[in-house]
Structure formats: C-alpha cells, structure tokens
C-alpha cells in the first residue's frame, strides 16, 4: 500500500465562491503565514500483490547473487563498471554538447524517437502489453532465468 500526503491550496478546490468538493471543507486547515490556508490531503492507493513487480524480482535476483560467496566479486565489478560507464557517458555528453549544431540535431532526433516510441509502445493497451513482455524477456535473459 502506498500513501501520498500533499498540501494543496484551497483555490484549487473552489470554482468561483462555491467549493467543488463538499467533503474537503471538513478537513482540518492550519494557517501558514498570515492569510494563506492550506488543506492537508492524504491519498492511499492499494493494488495487487507487489511480488509480481519487475523491480522486486531484480532486487531478489541481486540479493541471491550477493548471498553466493563466489559471485560477490563479480557483482562488485559489475557495480563498478556501471558507475564508470555512467561517468564516461556523462563526460561524453558534455563534450558533444559543446560542439555547434550537434546538440540541436540530437535534440531533434530525440524528439522524433520519443514520439515514435510513445506511438509504438505506449499509446494503445496491446502495444503496452507487448512492451512489458519484451522488458520481462530481456530481464530474464540478462539475469539468466
């Protein structure tokens, strides 16, 4: 179960002088500064069992590898390689960003690719399910499951 707490300004709930939500008038309001009042709103989300989550599966796989004494060195090396790759890619992007016209061209290519990706994989439900299957298959191939 996840929960979110937010402080919202009352004009978000008011249309003219009439409140949109009558139940929000009953929430406790505490003064902040002199004339501003904010309503506290707590939202709780419940869903299916999170054990089927991909991130949880990755975490459990890494934890299983860490438990094996033989694989610890490999896992530490993999972590070091990931940090080194992140550092190198950040420096490469900084160097490319200093070249004239290249950043604008790459930004345009990124916008085109993002548009294509949203249309291809995120816009329609069957395509989203296909993307989830591709991600699950790739993760299982990488983790050797």
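Cβ from N, Cα, C; glycine included.
All annotation found in TrEMBL is predicted automatically rather than curated by experts.
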Quiz prompt | TrEMBL annotation (transmembrane segment) - matching range among 52-72, 73-93 | solution = 73-93
Self-check item: TrEMBL annotation (transmembrane segment) - matching range among 29-47, 105-123
Solution: 105-123
Exercise. Could you tell me how many residues in the domain 'Cyanobacterial aminoacyl-tRNA synthetase CAAD' (60-144) are helical, how many are strand and how many are coil under DSSP?
Key: 77 helix, 0 strand, 8 coil
